[in-house]
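Engineer: Got a structure for you, written out below as structure tokens; questions coming shortly.
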Amino acid sequence: MDDFIAARSQMALSLGFHIIFSCIGMVMPFFMAVSHYKWLKTNDEVYKNLTKAWSKGVAIFFATGAVSGTMLSFELGLLWPKFMDHAGPIFGMPFSLEGTAFFIEAIALGFFLYGWNKLNKWFHWFTGMVVGVSGLASGILVVAANAWMNSPAGFDFVNGQYLNIDPIQAMFNKAWFSQALHMCLAAFTATGFAVAGVHALMILRDRNKEFHLKAFKIAAIFACIGALLQPLSGDISAKDVAKRQPAKLAAMEALYKTEKPAPLLIGGIVNEKDKTVKGAIEIPGALSFLAHGDFKAEVKGLDQIPENEHPPVAITHYAFQIMVGIGTLLLLVSLIYFFTLFKKNPLTEKRWLLKLFVGAIPLGYIALEAGWVVTEVGRQPWIIYGIMRTKDAVTPMPGIAYSFYIFSAIYVSLSIIVTFLLYRQIKMVPVLYNKPETK
Amino acid sequence: MMEQVVITFLCMAILLYFLLGGADFGAGIIELFTSTKNRSKTRKTMYQAIGPVWEANHMWLIIAIVILFVGFPHIYTTMSVYLHIPLAIMLIGIIARGTAFVFRHYDAVKDDMQWFYNRIFRYSSFITALFLGIIAGSLISGHIDTQANDFYTAYISGWLNWFSVAVGLFTVALCGFLAAIYLIGETKEAHDKRRFIKKAELMNIAAVVFGAMVFIAAQRDKIPLIDWVFKSNVGLSAIVLASLSLVLLWYLLLKGKTKILRILAGFQVTMILLAISYAHFPNFIRLKSGDAISLLETVGPEKTIYSLGLALLLGSVLILPFLGYLFYKFQKREE
Ligand code: HDD
Ligand code: HEM
Ligand code: HEM
């Protein structure tokens, strides 16, 4: 394997791995806080058990998120030293604030996990909230750093020099808001559907119905609100991309020729050699509307962009289709769920609805990963858009392929173990929580 | 001005990582050298002692790394390129021990898998501490060659040399020592206390032996370690203080005062680090060419340093009270 490809693959793998755990770390504390709050208010033991059961899962995910994040902060240098040499001081601001946020999160987690029966109960609840809020803050900050790579700001680039560096301006670059908003919603949607789905499965299997029903309701409401807002935020993102990264937009839509008005393509097979798309459904004018809010606007195609600045079109296009497709599906599921909330008969009788949620378990995460592929692959060949090429940033050390194999093996084993642990955690729910605790 | 603030935070973060993270690695190292019969007890004591704080302990590494890549990118990238291999091994260690530590506690079913987690935890604790030391040693060993044009000189000999490996072993012993001292204060039964005291003795002896090895290796590799330590007043006083505190530590141990020990042990390790690093501060990486990469000369642009310093100050106002309370709350627990 070529070293450059290996470095890119290793980066993608590590980020793709980390994002799953960090989303859970960002979102689960809020679910727990709701359940914890209900326990404190109603004294219903089931809520207490639920909070505890969730917190055990979260501890596993949190540790995995923390070690994979530590890995990432070294990996930026191990794989992209020339990028970090220049970018570090410019986009470092969010990372240094993020350090603070992580720290608070880690401390609060210590309190939360080990504070049962030791702390004032409302202080204990509050520490759980702090875990969630600081997790969310760190997510927003790190995405702002990534947004800077898409939309560099806060410095003047003169003759290959990075002058007049202003890290605050770099942090509040043009892309940070749309990306951070979309990312936060995605975290709630993806984690919400995954958690709701797992509990729905348990209800279908008739295990500890009361427990799982309560869990399901908390997760589902977060998931569905997220899924309702996701397309709106995605639309903001798309308009944003059209303005600042026309090459990415063209690749997302596999738009090889500039058109006015431009149609929206659904599906289709991309042929990168002939620069054609076969078998796609065309909705006339829709892309013009999506990108510029006007059915007749012109949309820049790849023909207006020098060939050596084209991102990989097929991957970006497929990934975008997957994300939007899943986004639409999840939107439908949410609408159905909200609709059924107004019906009288209890949820446990609507087995078809629960089955729908079971089917949605992996979907949010698939969309999330696909969305990141759109953003990151669509930025290629640039590591800092318009400023530095990815291939100029890669480490001079040969043999990165081996590093890639080793880390792939580690990530694969970790995924297997985490899945296995979670399976055991869920399997043990009846044993651990069936009778109310005597303590 | 902000430059000094940032450098102070960097040194603090590195020091605290050595002390707190080090004690954490040490716990695994001690478990590695505990007879099978006592292991589960050691494990339990250890979990109670470090469970609540281990996540926070490891944040110091991240703080240090972030300060480096934001404020001193040239140092960060030089390390990343020329110490790629030991850094990667240390990372594998961090991943393995961090996850094994949590998995073994949170696995809902306690069965043969525990055997597997324990193995991983122990060996990776050892490896992580060893490579942390190797990396630290390599930075000052003067073996890093940025002009090398063959693979071995550029990516291997910078860290695989007698001096770096000796520092690595010395670090392992220090970590074990810190952990043993820490755990003495965490146990109540006299029998367990004796066990940890034994461990502390063993680790202390190991530290002396490996410490001597460090000096011998420095001599062999022509590193002016003796000059740094003995020809500077600060270096010399630090070493004297470290030795005195060691004597005091053993005296108090015999008297059965166990809580103050950890402060002394921490002080002693701090002094050792000071002795080694003071003479060439603010040089951070010594190169084969004879040049050095200094913190002061590679500091990032002014505005960056300013906002980094501000973020750190703000962060500590938010963090330190909270962190102090965490340690306090879980210290008091058993009393
Ligand atoms: C649950 C996950 C999920 C779902 C259902 C959607 N997205 Fe998304 N999308 C993401 C998860 C995501 C993401 C992984 O979070 C990304 C990657 C970078 C980012 O900021 O968000 C993303 C990026 C992203 C981008 C690129 C932003 C950039 O490069 O700056 C666009 C244009 C969209 N999305 C548009 C949409 C639209 C129109 C959707 C309609 C349903 C949609 N997304 C659903
Ligand atoms: C966690 C969500 C993220 C995912 C899933 C993700 C995914 C990816 C993928 C797939 C690539 C490879 C692109 C290619 O080479 O074709 C990549 C590259 C990269 N990403 Fe991201 N990314 C994420 C967030 C971030 C963030 C927050 C940062 C930094 C602040 C970042 C920095 C980088 C860098 C430095 C590269 C390598 C250079 C490049 O290929 O352009 N990524 N990422
Ligand atoms: C979009 C991408 C990312 C998001 C949303 C994100 C978010 C998070 C969150 C919420 C955590 C807390 C841990 C948890 O709850 O499991 C975390 C951990 C961590 N992340 Fe990321 N992260 C992203 C990418 C990155 C990148 C690119 C880096 C490094 C450059 C990084 C470095 C870290 C570190 C060091 C930790 C460990 C902190 C701890 O011990 O709590 N993350 N991340």
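A Cβ is built for glycine as well, from the same backbone N, Cα and C atoms used for every other residue.
Pasting the relevant annotations from TrEMBL:
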TRANSMEM  A:12-37  transmembrane segment
TRANSMEM  A:58-80  transmembrane segment
TRANSMEM  A:100-116  transmembrane segment
TRANSMEM  A:123-149  transmembrane segment
TRANSMEM  A:180-203  transmembrane segment
TRANSMEM  A:215-233  transmembrane segment
TRANSMEM  A:318-340  transmembrane segment
TRANSMEM  A:352-374  transmembrane segment
TRANSMEM  A:400-423  transmembrane segment
Engineer: Are there 3 or more C-beta pairs under 8 Å linking the transmembrane segment (A:400-423) with the transmembrane segment (A:58-80), counting only pairs at least 6 apart in sequence?
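Structural biologist: Yes, the transmembrane segment (A:58-80) contacts the transmembrane segment (A:400-423).
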Engineer: Is the count of Cβ pairs under 8 Å between the transmembrane segment (A:400-423) and the transmembrane segment (A:180-203), pairs 6 or more apart in sequence, 3 or more?
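Structural biologist: The answer is no, given that the two segments have fewer than 3 Cβ pairs within the 8 Å cut-off.
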Engineer: Considering only Cβ pairs under 8 Å, which range in A:100-116, A:123-149, A:180-203, A:215-233, A:318-340 makes the most contacts with the transmembrane segment (A:12-37)?
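Structural biologist: Result: A:123-149.
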Engineer: Give the one range among A:123-149, A:180-203, A:215-233, A:318-340 whose Cβ atoms make the most pairs under 8 Å with those of the transmembrane segment (A:352-374).
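Structural biologist: The stretch I would name here is A:180-203.
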Engineer: Other than its close neighbours in sequence, what residues sit by the transmembrane segment (A:180-203), given a CB gap under 8 Å and a spacing of at least six beyond its ends?
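Structural biologist: Answer is 23-24, 26-28, 31, 136, 139-140, 143-144, 147, 209, 212-213, 215-216, 219-220, 222-227, 229-230, 233-234, 236-237, 330, 333, 347-348, 354-355, 357-365, 367-368, 371, 426, 429.
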Engineer: Residues sitting near the transmembrane segment (A:123-149): Cβ under 8 Å, six or more positions beyond its termini, same chain?
Structural biologist: 22-23, 25-30, 32-33, 36-37, 40, 87, 90-91, 94-95, 97-98, 101-102, 104-105, 108-109, 111-112, 115-116, 170-176, 179-180, 183-184, 187, 375, 379, 383-385
